[in-house]
Amino acid sequence: MVNTGRFVILVLAYRFLVPILSAAEPDHAARESYVVYMGSPSSGGGGDPEAVRAGHVQMLSSVVSGGEQGSAAAAVTHSYHHAFEGFAAALTESEAAALAGHERVVSVFKDRALQLHTTRSWDFLEVQSGLRSGRLGRRARASGDVIVGVIDTGVWPESPSFDDAGMPAVPPRWRGVCMEGPDFNKTSCNRKLIGARYYGVQPDTSSPNAAGSGSPRDTVGHGTHTASTAGGAVVSGAGYYGLAAGDARGGAPGSRVAVYRACSMGGCASSAVLKAMDDAVGDGVDVVSISIGMGSAFQSDFLADPIALGALHAHARGVLVACSGGNDGPGPYTVVNSAPWIITVAASSIDRSFQSNVVLGNGNVVKGVAINLSNQSLSGGKYPLVFGAEAAARYAPVAEASNCYPGSLDAEKVRGKIVVCVGTDPTVSRRVKKLVAEGSGARGLVLVDDAEKDVPFVAGGFAFSQVGTDAGAQILEYINATKNPTAVILPTEDVRDFKPAPVVASFSARGPGMAESVLKPDLMAPGVSILAATIPSADTEDVPPGKKPSAYAIKSGTSMACPHVAGAAAFVKSAHPGWTPSMIRSALMTTATTTNNLGKPVASSNGAAANGHDMGAGEVSPLRALSPGLVFDTTAHDYLRFLCYYGYKEGIVRKVSGDAEFSCPAGAPSPDLAAAAVNYPSISVPRLRRGGKAAVTVTRTAINVGAENATYAAAVEAPPGVTVRVKPDRLVFNKRWTTARYEVSFEVADGAGVSKGYAHGAVTWSDGAHSVRTPFAVNVV
């Protein structure tokens with residue numbers, strides 16, 4: 001029998017005491033770094049940093065255990081106050097939840113670890129533009145006083161790429177600093193490298209971020225490479241141990257460079273990247289280059305994405321932000337940094353190939369690719385050739401040995417030989433296979449694998465060559481048919497004027513992006529085997545015996561493509577200082593090239609014709625972008641409306657904008673309407689249903705930046721089965737800086753036989769002197 005009185009007391013105790021006990025979080029609760037984002041600064045930006053930080057400490061003290069300001073101040077690691085307001089702090093989960101409910105807070109998210117997206121290229125872009133004017137070339141090298149901020153792993157200031165010879169005084173509008181460290185002095189900066197910051201241990205906390213040591217100096221090489229690609233000076237005689245020899249230069253060699261070290265080899269703390277973006281805007285940069293991002297599998301919404309947040313406010317302050325699209329390709333939906341206010345960059349090859357051929361004992365030559373600086377051909381003779389499966393260590397599965405899996409090779413069977421391995425196990429990278437073969441005493445490695453064959457592997461002084469499956473079959477057939485098979489791997493040859501080029505790199509991430517109503521990526525730029533400055537101590541295992549570390553390195557990735565677009569944007573900015581970031585983006589996109597050096601459509605890495613989800617508008621063409629004819633200006637209001645249509649509540653969007661009077665359009669949210677909300681130089685329709693009443697209409701407004709009197713006629717490249725109409729089909733301008741509005745409607749008739757999925761095309765406006773191409777993608781459902 002139950003004692004009801006006692007039962008009631010227990011229920012009441014549970015009801016009232018449990019909430020109290022759960023609210024009183026124990027002092028030992030785990031703390032993690034969080035970012036607290038508060039939208040546009042209440043003071044309009046640029047307020048007293050100490051006063052802003054004090055306000056953040058006061059807000060934090062209202063939720064920390066005990067409410068002590070001392071402990072709250074110690075918890076704050078970064079305070080943001082230039083372009084936007086917020087702070088980063090070490091919080092418990094309950095403290096983060098309490099701050100998320102504060103009336104001034106837009107979002108609170110964990111401080112994630114972001115990834116690094118890791119000479120000839122600029123000349124190739126000029127050739128592809130079809131414009132070889134000496135006047136334009138000189139203009140490219142002048143570049144004006146545009147300032148490019150690079151957020152990365154820092155800089156090696158002694159590199160010739162940052163020499164300031166012949167440069168005028170630093171622009172008086174520059175408000176940045178040259179932070180000192182144990183290995184970095186104020187004299188490390190000059191009239192080219194005008195600013196350097198780092199984000200290490202803060203003076204009031206013992207919690208370091210991912211940047212590590214207290215100095216702007218690069219210890220990885222990635223930041224030096226990207227900074228010199230974007231704005232490096234012209235350096236004659238650059239090269240990588242005799243390969244890729246020529247003049248190294250950035251896209252805007254006359255521009256100024258400011259570096260923000262927010263990353264290390266282990267990655268980048270998102271709070272530090274956000275702080276670097278805020279500082280860059282406050283310092284006065286014109287363009288920001290960010291070759292960083294989260295993996296495509298871990299994308300979050302825009303208001304919890306540090307790069308998207310920083311870029312949104314940078315754009316509002318007139319600063320253009322270019323970001324790498326990521327290296328998770330070639331599958332769809334892998335592109336990152338895809339917010340509409342970011343220029344998202346894909347990677348392509350250039351007209352240079354690094355060939356490392358294999359000569360078999362029977363005299364047959366098998367073509368391979370790699371960057372190896374071995375001396376096998378100089379030593380004479382050939383080396384025994386063995387297939388990894390025939391050299392398996394005891395108890396090692398044959399499949400592992402054939403893939404050069406760690407611990408799978410018998411050193412006695414491999415030592416002194418060239419080993420042949422395959423790439424059927426994608427978990428074992430080329431670098432690991434090379435280390436396994438080298439560690440087993442092999443004299444060389446031939447990798448049979450079609451994957452990543454478009455991206456030459458840098459093997460240093462170890463003999464290495466990668467061949468395709470057809471060539472690999474030829475090698476294995478020779479091994480099986482010969483009693484004592486032999487081979488030699490030839491050192492790499494630099495093959496120029498390689499065709500076809502450009503080709504979309506296999507690793508380059510593909511669209512659609514997180515918001516399918518905006519076509520992503522935006523542009524493609526060289527990102528395969530790019531020569532640029534590095535740190536002399538980088539990757540000593542790649543240094544050939546008897547050689548000193550090279551001052552220049554050959555790297556691949558969308559990390560390398562991004563600074564090409566940043567440099568191109570700085571170049572256009574120098575010619576048109578009054579243009580907004582979106583006007584510059586428009587000029588770069590609508591003048592991009594979509595044909596290769598054979599005069600045929602650009603192909604993807606699988607050989608198929610590339611589309612907008614592979615390459616965006618096409619390969620960037622800086623010289624053509626100087627005179628685009630028409631531009632599409634995307635306003636801050638466009639982006640706010642986009643956030644409404646995307647699904648954010650009106651109150652949140654008001655906090656983001658700082659405009660208490662802003663109102664979301666009636667009918668939001670709607671992904672279909674979002675396609676028309678942003679005056680973008682491309683179009684993406686996420687849902688196009690069959691039937692005449694299901695047509696989707698998108699509006700765009702063009703600005704004439706060309707001749708005083710101009711008439712543009714529209715030409716449509718429509719995919720089969722999709723009807724595309726442009727109204728009006730002629731735009732008449734009586735003077736410069738006037739606008740014209742037009743509509744593009746898309747329709748799929750019932751029974752048209754169009755398969756489901758995305759179809760691609762373009763609308764091109766021409767006045768006889770300019771071709772203004774805007775690509776589109778429509779998803780037939």
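Cβ coordinates are placed from backbone N, Cα and C, and glycine is handled just like the others.
Residues or ranges marked as signal peptide by TrEMBL: 1-23.
Feature annotation from TrEMBL assigns domain 'Inhibitor I9' to 33-117. Per-residue confidence over the domain 'Inhibitor I9' (33-117) averages 85 (mean pLDDT, predicted model).
What TrEMBL lists as domain 'Peptidase S8/S53' is 145-597.
Taken from TrEMBL, the feature active site, charge relay system applies to Asp152 (among others).
Under the heading region 'Disordered', TrEMBL lists 205-228.
The annotation active site, charge relay system is assigned in TrEMBL to His222 (among others).
The feature active site, charge relay system is assigned by TrEMBL to Ser559 (among others). Packing around Ser559 (active site, charge relay system) is summarised by its Cβ count: 30 other Cβ atoms lie within 10 angstroms of its Cβ, all protein chains included.
According to TrEMBL, the feature domain 'Subtilisin-like protease fibronectin type-III' maps to 678-778.
When the Cα atoms are compared, His222 (active site, charge relay system) and Asp152 (active site, charge relay system) turn out to be 7 Å apart.
A 10 Å cutoff on Cβ-Cβ distances gives Asp152 (active site, charge relay system) a total of 29 other Cβ atoms nearby, all chains included. For the domain 'Inhibitor I9' (33-117), the DSSP counts in helix, strand and coil order read 31 helix, 24 strand, 30 coil. Over all protein chains present, the Cβ of His222 (active site, charge relay system) has 28 other Cβ atoms lying within 10 Å. In the domain 'Subtilisin-like protease fibronectin type-III' (678-778), the DSSP tally of helix, strand and coil residues is 3 helix, 62 strand, 36 coil.
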